[in-house]
Amino acid sequence: MDKKRVAVPLVCHGHSRPVVDLFYSPMTPDGFFLISSSKDSSPMLRNGETGDWVGTFEGHKGAVWSCCLDTNALRAASGSADFTARIWDAITGDELHSFEHKHIVRACTFSEDTHFLLTGGVEKILRIYDLNRPDAPPREVDKSPGSVRTVAWLHSDQTILSSCTDMGGVRLWDVRTGNVVRALETKSPVTSAEVSQDGRYITTADGFTVKFWDANHFGLVKSYNMPCTVESASLEPKYGYKFIAGGEDMWIHVFDFHTGEEIACNKGHHGPVHCVRFSPGGESYASGSEDGTVRIWQTGPASTHDDTEAVSANGLLTWKCQCHRRRGFAQD
């Protein structure tokens, strides 16, 4: 068996507290982007390929638990412990709207058509906001049985996926009726749930297990035991040959999807890994940790610069100081 290559990541500094969520945009005319949320209350946007800092969204008054970008990476959304979910202009960094909740917002995500924002949290209520009418009351889906930990859309925005902080399983809700149509059973609470780019699989992490479910028929396809408690897992989006998982042991484990064999174990974080996600083309993946850093790992051959860690940004600038990597950036 070939010796496992030691990967050296791009290290993205800037957050002052643990990084708890990551989200890659799809490929856009300007490339692809990575947004991170942190307990420091300030989501950060980066170039997804290079890790270069683009800007920081400022305005939340509490830990930001969830973040996402719309399909074109023109808008960002974030959910926070300050009882709000906010919409941001991802070009200028301006806040576009703030949706008030009655408790902590733990999860948020844009619909595939970008017209709606789905939120969930400690209130145990799933809310759907019409972004074409942001001042209108949201639609409330039937109450969740527990505090909402993760949310996602699937089936062209016809189905909602949610998991709870304090109980196992994933629930699938019919958007038209607002009712649970299926439940995927797990022993432990699901801390990460991802719908694959091609819509075939749902990847979940619960306790010591990563599971893959058929996203159309909902059967369990594969289940693998992990070497530690994992918080997050992600399936490589282009070919689906491998997946990554991160958790309490501070390492990012890479596995063969078909066999479950560990391919690589990448070390570098100095605290538990809270989130891992593949880039849209699968050429790299990002990890966020209790140590406050985002690290971007290449899946291809090692570069000639792999002998040192590359620090891409410190996150201390302002939106107007950017190098115009995106169309429409304000110029001084």
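Each residue, glycine too, has its Cβ placed from N, Cα and C.
What TrEMBL says about this protein:
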REPEAT    57-98  repeat 'WD'
REPEAT    266-298  repeat 'WD'
Cβ-Cβ under 8 Å with the repeat 'WD' (266-298): same-chain residues at least 6 beyond its ends: 6-27, 32, 34, 36, 38, 40, 44, 46, 48-49, 51, 192, 194, 197, 231-239, 244-254, 309
Same-chain residues near the repeat 'WD' (57-98), Cβ under 8 Å, at least 6 residues beyond its ends: 17, 20-26, 28, 30, 32-33, 35-45, 104-110, 112-114, 117, 119, 121, 129, 131, 134, 319, 326-330
Confidence summary (mean pLDDT) of the repeat 'WD' (57-98): 98
The repeat 'WD' (266-298) - residue tally per DSSP class, helix then strand then coil: 0 helix, 18 strand, 15 coil
Number of helical, extended and coil residues in the repeat 'WD' (57-98), per DSSP: 0 helix, 22 strand, 20 coil
